[in-house]
Amino acid sequence: MGNADYVFPSTNAECARRVAIPPPQPFVKSLKYNLKETFFPDDPLRQFKNQPTSRRFVLGIKYFLPIFDWAPSYTFEFLRSDFIAGITIASLAIPQGISYAKLANLPPILGLYSSFIPPLVYAMMGSSRDLAVGTVAVASLLTASMLGNEVNANENPKLYLHLAFTATFFAGVFQASLGLLRLGFIVDFLSHATIIGFMAGAATVVILQQLKGILGLDHFTHSTDLVSVLRSVFSQTHQSKRKPRFFWVSAMAPLTSVILGSILVYLTHAEKHGVQVIGHLKKGLNPPSFADLVFVSPYLSTAIKTGIITGVIALAEGIAVGRSFAMFKNYHIDGNKEMIAFGTMNIVGSCTSCYLTTGPFSRSAVNFNAGCKTAVSNIVMAVAVMVTLLFLTPLFHYTPLVVLSSIIISAMLGLIDYEAAIHLWTVDKFDFIVCISAYAGVVFCSVEIGLVVAVAISLLRLLLFVARPKTFILGNIPNSMIYRNVEQYTNTSSVPGVLILEIDAPIYFANASYLRERIARWVDEEEDKLKSSGETSLQYVILDMGAVGNIDTSGISMLEEVKKVMDRRELKLVLANPGAEVTKKLNKSKLIEKIGQEWMYLTVGEAVGACNFMLHTGKPDPLKEESEAYNKV
């Protein structure tokens, strides 16, 4: 970058356009607009405008129960596809449900209960066509870990079961509340990198936990960290699997394993020779469990904490999975609707002997690949599970636990996405650190600690973005009025006597002090460079405010201090391209009067043109010259 060959493009600096100050708006109107933009960016009430009352009622029913929206256009072709998909995911849901219930230290039958009622609720309320609802390993592990810290599932199984129902109830209330209050952005604090690391860490822990079933160990730790699990394995002297590629093989393999394993145990009477089996599963549909919810101390806080944490994780996974498959089929799902649907199905589930459910990736992928068209595939799956509950549960008596452990391990390997971790390293090293921190926290400490560490690092990064925004020196691209970052565009030319800085973030109390010091340093470095090269001394400092979306009182005070410093150094502060919100606040604070409206320009090009005009004409009062120019017109 240099200024020796700099030729400023011709412009009529005297007729530069003024920066307009937005007209004042009533506080109520401004507040209403801000609230709408914060909580209703998708404007869900738009469809109700200018509609009669009866039509609004119908639209309201369709909004909260989307099944009434798509059901009238449902066809036999759709039913055939959904039936095949539903039967396919049922063959996966039944063995997985039993396995994940064991992972959560709950009776295996709860896995089947949780694959019956919640999918029916979601089919009526959900907006995704591809999401297959059911229990998930990570939420099961979290439930076992967090509730197990307070109540031993073996010593007090009844209380543990009731707390699981209560945690599911609070998870549902929390999820539905986020949707109703339009607070879904809270889930966004679980970044993509956090979820990758957390899921991989949880999958590793789940796989290690299954060593109990694989090795047939009677005594095993309830802790979820790597050291405790390995200690349990190597302290006992007790005495594998492949991932199929075709979706139907993946779906049928677990059920096939269960059937073959059960037949083998039955024929050989292996349960009498040390092979652990599921045992008795009672027939019948979900019994009511509302009376079992625990709303008294000392366990209420544990149930609430478990419900909120597992609820957030379930939401993040379910919405991410739903959006991924919606993108493939080019349709839109409403995140807040999904939260209401998840919350409702978990509230209903907690009252019907179910524990936490969401939209697991493996089951949804099978549903998608099986050709599902609508949420009817969930209804078909639920009916298949209902038939199993009514007539087929005795067939699972001889199912060996080692098969269930293998099913869980098979499902968990898909959650260790090392390719995604490598991609994070390639694209963003900090995201990779977040991912690895989440993984290490889960594997070496606990699931909760890993989650907290990952979220804390993500928030720290967010705070660093806010507290340390980027500032750039801008230069002129030759033969144009365009000014860009000199580091990105190395062929730019500096403007003699003018320093152009771009502030790339809103100015708040958290970064005001940093920006003041950073601007001063840019000025010092520019003056030192000009002195050493013998070029034109610095006369003007232009701040490009185009990326400054907002400013608070601390930011305004910072600009006032910068203005005073520039005055003492006999430099002129010029503002370019301030936004409406920033201009409004600068005007109310009287800062525009101090800077002078004649020193505020719509573009960097006009600001540089005005400064260049003053430097070459020696006219110190641009307002006077501008007034004279306007009077001539």
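Cβ atoms are placed via backbone N, Cα and C, with glycine included.
Database features, via TrEMBL:
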| type | residues | note |
| --- | --- | --- |
| TRANSMEM | 108-125 | transmembrane segment |
| TRANSMEM | 131-148 | transmembrane segment |
| TRANSMEM | 160-183 | transmembrane segment |
| TRANSMEM | 189-208 | transmembrane segment |
| TRANSMEM | 246-267 | transmembrane segment |
| TRANSMEM | 308-328 | transmembrane segment |
| TRANSMEM | 340-362 | transmembrane segment |
| TRANSMEM | 374-392 | transmembrane segment |
| TRANSMEM | 399-416 | transmembrane segment |
| TRANSMEM | 436-464 | transmembrane segment |
| DOMAIN | 488-611 | domain 'STAS' |
(request) Tally Cβ pairs under 8 Å between the transmembrane segment (308-328) and each listed stretch (160-183, 189-208, 340-362, 436-464), then give the stretch with the top tally. (result) 340-362
(request) Kindly report the helix/strand/coil residue split of the domain 'STAS' (488-611) according to DSSP, in that order. (result) 66 helix, 22 strand, 36 coil
(message) Check for me, if you would, whether the transmembrane segment (189-208) reaches the transmembrane segment (131-148) - at least 3 Cβ pairs under 8 Å, residues 6 or more apart in sequence.
(response) yes
(request) Give residue numbers and ranges for long-range contacts of the transmembrane segment (340-362): same chain, 6 or more residues beyond its ends, CB-CB under 8 A. (result) 64, 92, 96, 101, 104, 106, 110, 113-119, 121-122, 125-128, 131-137, 139-140, 143, 164-169, 171-180, 250, 286-290, 293, 310-311, 314-315, 317-318, 321-322, 411, 414-415
(message) Counting Cβ pairs closer than 8 Å, which of 108-125, 131-148, 160-183, 436-464 has the most of them with the transmembrane segment (374-392)?
(response) 108-125
(request) Quick one: average pLDDT across the domain 'STAS' (488-611), no decimals. (result) 89
(request) Go through the chain and flag residues at least 6 beyond the ends of the transmembrane segment (108-125) whose CB is under 8 A from any CB in it; none is fine as an answer. (result) 64-67, 90, 93-94, 96-102, 131-135, 164, 278, 281-282, 285-286, 337, 340-342, 344-346, 348-349, 352-357, 375-376, 378-379, 381-382, 385-386, 388-389, 393, 396
